[in-house]
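K.L.:
The transmembrane segment annotation in TrEMBL covers A:20-38, A:45-63, A:69-89, A:96-117, A:137-154, A:184-204, A:224-246, A:258-277.
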Amino acid sequence: MDGMTMAEWLDDFLFTYETLIHALGVHGLLALSMYCVMAVGQLSLGQAAFMGIGAYTGALLTLNLGLPFWLVLPLSALAPAVVALVIGGPTLRLSGVYLAISTIALGEVLRVLYINAEWLTGGALGLSGIPRKADLWLIYLLLFLAVLGFWAVGRSKIGRAMEAMREDEAVAGVMGVNLPVYKMGALVVSAMLAGLAGCLTAHSNSFIGPNEFGFEMAVTILSFALLGGIGTPIAPVIGALVLTSLPEILRPLQDFRLVINGLIIVVAVLFLPRGVIPFRLRRAP
Amino acid sequence: MTTLLSASRLTKQFTGLLAVNEVDVEVSAGSVHGIIGPNGAGKTTLFNLISGLLPLTSGTLTLDGRDVTSAPPYQRTRLGVARTFQNIRMFSDMTVVENVMTGMHTRLKSSGVASLLRLPGFRREERAARDKAMELLAFVSLADKARVRSGDLSYGDQRRLEIARALAGDPRLLLLDEPAAGMNPTETRDLGTLLRQVAKRDITLLLVEHNMGFVMDLCDRITVLNFGRKIAEGGPREVRDNPAVIEAYLGTKVAARLAKAHGA
Ligand SMILES: Nc1ncnc2c1ncn2[C@@H]1O[C@H](COP(=O)(O)OP(=O)(O)OP(=O)(O)O)[C@@H](O)[C@H]1O
Ligand SMILES: [Mg+2]
């Protein structure tokens with residue numbers, strides 16, 4: 001650091017690691033979107049698909065319509081929320097497996113759609129030249145607000161109802177929890193967060209392609225929450241930080257990233273059923 | 001006396017088994033009503049139908065004159081039905097006081113936005129809820145364990161926690177599925193005292209219990225089930241002397257011998 005001022009050093013650091021630092025923040029948001037569904041005892045493998053909808057919506061609104069970013073961002077959250085409503089309607093009433101399966105299907109259907117609707121989505125080449133409007137501070141501000149929001153709501157009757165649902169759904173119903181509304185609410189909020197993350201990705205990478213939001217990404221997002229745990233909203237974010245920076249730290253093992261992710265999931269499920277951050281939020285004043 | 005809960009021709013069929021078979025029950029407001037019967041008679045299934053945990057095959061169910069036959073559990077809770085479980089089902093990771101506060105779900109009015117912004121109204125309501133939960137815990141003698149993880153409580157404590165959690169929703173009808181199971185005689189006596197106090201709070205009790213002394217002592221009226229059918233109903237004395245009831249519990253031979261001995 002000799003000869004450099006602190007500000008210069010920070011600039012240098014941010015420049016070198018910009019992509020990683022952006023990814024860390026976005027993945028934190030994705031981990032929270034996973035948390036939101038798992039917190040009511042459901043399993044979705046559609047977070048990557050919701051992210052993709054947000055990414056394509058955002059990119060297209062910016063590229064084709066030239067809408068201002070402050071408008072693009074909420075619209076990118078809204079689009080996957082609508083899809084979540086449509087998917088959740090028939091599946092949430094059935095057992096939990098149906099949500100998992102139908103969200104996997106959603107991801108595949110969308111991938112094929114992105115590839116074939118070439119006139120709109122750029123097909124297999126994807127969309128490029130998206131202006132870089134998502135800066136670091138915006139990403140981390142949103143992440144901070146999301147954690148804070150989950151923490152606040154978690155310490156209310158809503159948080160208690162959600163924990164009750166994941167411990168014993170039937171009994172939660174007997175306590176007076178409107179189960180369909182809670183499940184749908186969680187899925188919609190999670191889709192909005194994933195959509196935000198997608199939009200931020202599109203506007204920080206300046207490129208998106210159809211294969212970025214498939215099954216592999218869905219499992220990666222799931223592994224954030226499995227590794228971190230879901231006892232507190234910060235836990236899955238830490239899971240995301242670890243899993244996102246690990247490949248960077250273990251550069252030589254880059255090729256084995258998927259293997260390592262898979263191993264971490266297996267180890268987490270077998271030995272750390274509550275994740276590496278096993279604490280739970282207190283829900284009484 | 002007015003009828004609080006009225007079940008008419010209530011039926012639940014599991015594949016090949018009529019667990020509850022055309023049962024009529026009327027529970028009067030303010031009464032303590034017992035449901036007894038041998039193992040597998042359909043008592044728990046009847047509770048599951050009343051609380052909405054299981055959909056019924058046929059029959060109707062009204063609560064205070066309102067048809068709740070196909071209402072989901074949360075609506076029945078809102079209307080004042082609460083219950084405990086034979087095989088204790090608390091939220092075991094939560095603390096004791098959190099469990100009780102979860103039971104208040106339908107009575108807390110603050111919106112999600114209010115809790116997100118931690119508005120003064122929300123904080124006031126949460127504090128009041130906590131205070132009420134502490135009162136209920138004191139009522140069931142668990143005040144000193146408020147911050148304990150519920151799963152770490154002793155068996156008897158868990159049973160009383162379930163009662164406190166059920167009371168937290170301000171019910172009008174409380175269903176208790178074998179509340180004395182696994183309790184020693186002292187705990188059972190204390191439970192009887194507790195339930196009498198609950199009844200004094202204008203809460204109607206519907207009680208399943210195998211401990212006959214306990215039931216006879218506490219109940220105004222008793223319904224007897226056997227193989228899913230109602231075989232007798234009446235006051236404690238009436239039911240105890242009913243030959244069909246004795247037969248259900250002791251088997252035909254013993255009942256016949258008893259009848260002979262009485263006749264002789
Ligand atoms: N979900 C279910 N599926 C199939 N059969 C069931 C189910 N629940 C209960 N049964 C059967 O219905 C019958 C009545 O069971 P229930 O639990 O209501 O009896 P009970 O009177 O509560 O008995 P106990 O005194 O042992 O608690 C039993 O034969 C039981 O095996
Ligand atoms: Mg039973």
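Note that Cβ sites are derived from N, Cα and C of the backbone, with glycine treated the same way.
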K.L.:
Give the nonlocal contacts of the transmembrane segment (A:96-117) in its own chain as ranges (CB under 8 Å, at least six residues past its ends).
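P.N.:
Result: 41-46, 48-49, 52-53, 56, 83, 87-88, 123-124, 126, 187, 210-211, 213-215, 218.
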K.L.:
Could you check whether the transmembrane segment (A:224-246) packs against the transmembrane segment (A:137-154) - three or more CB pairs closer than 8 Å, residues at least 6 apart in sequence?
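P.N.:
Answer yes: the transmembrane segment (A:224-246) meets the transmembrane segment (A:137-154) with 3 or more Cβ pairs below 8 Å.
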K.L.:
Are there at least 3 C-beta pairs under 8 angstroms linking the transmembrane segment (A:258-277) and the transmembrane segment (A:137-154), leaving out pairs fewer than 6 apart in sequence?
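P.N.:
Between the transmembrane segment (A:137-154) and the transmembrane segment (A:258-277), contact is absent.
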K.L.:
Sort out for me which stretch, of A:20-38, A:45-63, A:69-89, has the most Cβ pairs below 8 angstroms to the transmembrane segment (A:184-204).
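P.N.:
Stretch with maximum Cβ contacts: A:45-63.
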K.L.:
Which bits of the chain, at least 6 residues beyond where the transmembrane segment (A:20-38) starts or stops, bring a Cβ under 8 A of a Cβ in it?
P.N.:
14, 44, 47, 50-51, 134, 136, 139-140, 142-143, 146-147, 150, 166, 186-187, 189-194, 196-197, 200-201, 204-205, 221-222, 224-225, 228, 230, 233, 235-237, 239-241, 243-245, 248
K.L.:
Taking a Cβ cut-off under 8 Å, which residues six or more beyond the ends of the transmembrane segment (A:69-89) line up next to it in the same chain?
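P.N.:
Distal contacts: 46, 49-51, 53-55, 57-58, 61-62, 99, 102-103, 106, 133-134, 183-184, 187-188, 190-196, 198-200, 203.
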